[in-house]
Amino acid sequence: MAGSNRSASLKDTQRSIPIGTVAATLTTSALYVFSVILFGALATREKLLTDRLLTATVAWPFPALIYVGIILSTLGAALQSLTGAPRLLAAIANDDILPVLKYFKVADGSEPHIATLFTAFLCIGCVVIGNLDLITPTITMFYLLCYGGVNLSCFLLDLLDAPSWRPRWRFHHWSLSLLGALLCIVIMFLISWSFTVVSLALASLIYYYVSIKGKAGDWGDGFKSAYFQLALRSLRSLGASQVHPKNWYPIPLIFCRPWGKLPENVPCHPKLADFANCMKKKGRGMSIFVSILDGDYHECAEDAKTACKQLSTYIDYKNCEGVAEIVVAPSMSDGFRGIIQTMGLGNLKPNIVVMRYPEIWRRENLTEIPTTFVGIINDCIVANKAVVIVKGLDEWPNEYQRQYGTIDLYWIVRDGGLMLLLSQLLLTKESFESCKIQVFCIAEEDSDAEELKADVKKFLYDLRMQAEVIVISMKSWDAQAEQQDESVEAFTGSQRRIASYLAGMKEKAQKEGTPLMADGKPVIVNEQQVEKFLYTTLKLNSTILRYSRMAAVVLVSLPPPPLNHPAYFYMEYMDLLVENVPRLLIVRGYRRDVVTLFT
């Protein structure tokens with residue numbers, strides 16, 4: 001390895017190192033074999049075992065010549081180490097592989113004086129010990145670890161067919177590298193199993209320290225190539241067919257761009273990362289954080305790279321397992337439509353879209369939000385993606401804020417069990433582990449309530465989920481006289497605003513001689529249907545406030561945007577649904593089950 005240690009000083013490393021290494025190995029091996037033959041020819045076995053300086057005993061013309069040779073040989077080896085080792089130490093320090101070695105850094109072309117002094121003191125310390133047999137096994141172990149590591153890297157790179165692996169040594173084969181690595185390990189155990197265990201443990205600690213504290217950099221090591229090939233094989237084995245509910249994992253697509261503004265140094269709402277962790281069991285899983293930059297790609301490409309790096313750093317800071325992606329598009333709607341179609345590979349495509357509810361749209365009069373919001377929901381429905389909309393994101397608890405009370409599910413439409421699964425995932429978090437689940441179901445008749453309750457309890461038992469079941473019948477719902485005052489007030493306001501908006505649409509259509517237009521397309525508004533939607537939403541909001549006002553979090557089904565209704569009307573329905581509910585998850589599943597009855 002002397003040539004590799006001095007590679008920075010060689011003119012042509014690719015030519016000099018192979019020739020020099022092979023020539024040195026052949027020369028020394030020939031000398032050693034020749035010495036074995038000569039010693040075997042002139043001395044008995046007993047003499048070879050007892051006389052440690054047999055060379056001096058048989059030397060000609062006098063023994064002192066051998067002593068001088070030993071001293072000169074020792075000095076030569078020491079000087080060789082003092083020229084190679086400090087340079088290797090300085091190179092490791094310059095690469096910031098081990099931050100603790102930062103004091104040994106040197107500028108290009110400079111001599112590593114501090115590293116040389118450190119190496120000299122280390123050597124002197126070993127000499128002062130005065131027992132060569134104590135030092136030799138330790139040094140031998142580290143040399144063998146070094147050789148074994150080089151052989152293992154060559155084996156991995158050759159076996160995995162890395163395109164950049166093109167050794168000039170044409171006699172190289174991966175089997176030789178594997179044999180060399182195995183021989184190094186075997187010899188280590190043959191020398192001393194205790195020293196071997198200690199050396200491997202120390203090397204593992206150094207590797208762990210480098211992976212945690214070392215400077216982030218891609219050194220092209222063989223393990224990265226192995227991870228890449230393993231990931232490719234795993235992805236191919238997953239295939240493109242549907243995953244069985246037993247093996248289904250949520251892969252949330254976190255829509256970072258808020259309905260509003262965040263500080264410049266915060267690329268994502270802090271609570272979105274907390275919520276993304278709540279969707280994973282024990283924090284395991286992958287999230288994809290995406291944000292959209294409005295503009296032209298050629299003009300904003302560099303800004304997108306900077307934003308992606310900033311978002312990725314923020315994700316790591318929030319201890320969330322995920323990747324960051326930035327998309328440049330003319331508008332938010334166009335960017336999201338591209339993301340929902342192309343993001344992911346095979347069965348590793350995101351299956352849940354998570355975003356914040358746009359609570360500020362009316363307060364700040366952001367009239368473009370309803371069209372964008374409804375467009376995103378419709379895109380998710382067409383792409384068969386589940387949707388989770390978080391209302392009250394600012395009040396979402398972090399991992400240290402323990403919640404008490406209940407997690408209430410208003411199970412109105414079949415969603416494949418997504419709401420049930422989300423509630424169970426919330427219970428695995430420390431902040432929600434003290435809560436209990438309540439499932440609210442809707443029955444057509446009072447006589448159906450008990451039967452429905454028994455069916456739902458049996459279903460939850462088969463799913464191995466514990467929850468209290470509460471059934472609300474439609475008749476008692478309709479006859480409920482004590483509507484919540486705040487719900488009625490919000491309902492009246494929605495009626496007034498929808499009537500005003502509809503009157504404006506009609507006036508504009510009459511003035512321009514065109515059919516009713518909304519969001520750039522003709523619509524047919526059935527006022528009775530609009531009133532029905534509003535009344536149904538009022539009843540649901542009133543029921544949530546009646547039963548779940550003190551709940552830790554409420555989950556309710558997301559109603560799909562009605563056809564031929566303006567986006568403004570849908571936002572009014574949604575605002576009425578979430579009115580006065582502090583923390584709400586609006587969930588829409590997709591056309592498949594995510595929970596199974598089978599163990």
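Every residue, even glycine, has its Cβ placed from backbone N, Cα and C.
Curation does not apply to TrEMBL; its annotations are automatic.
The domain 'Amino acid permease/ SLC12A' annotation in TrEMBL covers 3-229.
Taken residue by residue, the domain 'SLC12A transporter C-terminal' (270-391) breaks down under DSSP into 61 helix, 27 strand, 34 coil. Annotated domain 'SLC12A transporter C-terminal' per TrEMBL: 270-391 (among others), in sequence order.
Positions annotated as domain 'SLC12A transporter C-terminal' by TrEMBL: 402-598 (among others). If you average pLDDT over the domain 'SLC12A transporter C-terminal' (402-598) in this model, you get 80.
The transmembrane segment annotation in TrEMBL covers 20-41 (among others).
The transmembrane segment feature in TrEMBL is assigned to 53-79 (among others).
Summarising the annotation, TrEMBL assigns transmembrane segment to 114-134 (among others).
The transmembrane segment annotation in TrEMBL covers 141-160 (among others).
Remote same-chain partners of the transmembrane segment (180-210), defined as residues 6 or more beyond its termini with a Cβ less than 8 Å from a stretch Cβ, comprise 97-98, 137-138, 140-142, 144-145, 147-148, 151-152, 155. The transmembrane segment annotation in TrEMBL covers 180-210 (among others).
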* To do: Give residue numbers and ranges for long-range contacts of the transmembrane segment (20-41): same chain, 6 or more residues beyond its ends, CB-CB under 8 A.
  => 2-3, 48, 54
